[in-house]
Amino acid sequence: MSSQVVGIEPLYIKAEPASPDSPKGSSETETEPPVALAPGPAPTRCLPGHKEEEDGEGAGPGEQGGGKLVLSSLPKRLCLVCGDVASGYHYGVASCEACKAFFKRTIQGSIEYSCPASNECEITKRRRKACQACRFTKCLRVGMLKEGVRLDRVRGGRQKYKRRPEVDPLPFPGSFPAGPLAVAGGPRKTAPVNALVSHLLVVEPEKLYAMPDPAGPDGHLPAVATLCDLFDREIVVTISWAKSIPGFSSLSLSDQMSVLQSVWMEVLVLGVAQRSLPLQDELAFAEDLVLDEEGARAAGLGELGAVLLQLVRRLQALRLEREEYVLLKALALANSDSVHIEDAEAVEQLREALHEALLEYEAGRAGPGGGAERRRAGRLLLTLPLLRQTAGKVLAHFYGVKLEGKVPMHKLFLEMLEAMMD
């Protein structure tokens, strides 16, 4: 794998915050030009009944269930707030200049709005100025990030902010004091969870929605395009999540890039497996995209359904808990085998801290006894080779899709694919 990917700049990793819909993982400011939209045919989003208006304002799907994902031959995206043509990715979301400016004014002015109706006003290109309260709510719902707006109004600088203000920074390296936290799932006693685990639980990304088009054309290409769009957004979220892990941001930029380029698919695949744990022989690629093995094959994924379900069943047999999942996910990140890492000692230090946190959690879960926590931790760690093998098969499949050239892919997803297969 090459240590450099054409087109990936420090902005992908260093700029904050990230959003599910931004291929850069960064917020735009008034001193930065809009991010160039991916060339070629790209998935666009619209609402049923959407009409283009001469005012530059329309309808967008930000909410679950209301949006439709359709393929278009037009090389452009729509604003997720109002449906107008998006000028770029602003504050983490594909949006038009008008909604970008509205969101910025609202945050900088600390403006509070009140809906004159029932807080359910339709936000379209023509009606977006009718209710500012519902428009602002829509901005937040589709993922616009308040932290991306500079409050000081000073041009040329970058505001300092915390991604999650409720989370105190954790020391790294250092001790992570234990504290009680109720463990979900079963009438088991409370397990002590150290501060690192608590931090990982808090910074765990919110749910993503694929927004597939139920009325779309038959065939597997639209489904594969939906997954490519979903993966592109998940990469952005993964970059933001990785930066929230104590010790990762202290790595050099090149090492951050090398680590992420080598394990991003493992993180995504583990997320699919975790969402699928409550299901029976089904895969939850997103909250609104669940496929069984036959459905995955019909969607153009070949035998990936069976491959992914093998991993899911392994984790189901372990009765993987959420605390264990967030630790395993962080360990998968730190378990990078990239030969381009410059400071291997720093990455090893991160890996050791996460391993110790896993042992501490399992010790509290098992209670006093003869090494049960180490056996449990060992069984969890033994899933990492299967995870890597599974991710490799998923990568190979989508790289083949890329070579066929029939499915539109966004720039970041393409670059990360090429970095892995180079």
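Glycine too: its Cβ is placed from the backbone N, Cα and C atoms.
Of the given residue ranges 115-134, 135-154, 175-194, 335-354, Swiss-Prot assigns the label zinc finger to 115-134. Annotation for Lys402 (SUMO2 cross-link): spatial neighbours Met409, Leu414, Leu417, criterion Cβ-Cβ under 8 Å with sequence separation of six or more. Comparing Lys129 (N6-acetyllysine) with Lys138 (N6-acetyllysine), their Cα atoms are 13 Å apart once rounded.
Taking every protein chain shown into account, Lys129, Lys138 are the modified residues, and of these the Cβ with the most other Cβ atoms within 10 Å belongs to Lys138. Here the DNA-binding region (76-151) is broken down by DSSP into helix, strand and coil counts: 25 helix, 8 strand, 43 coil.
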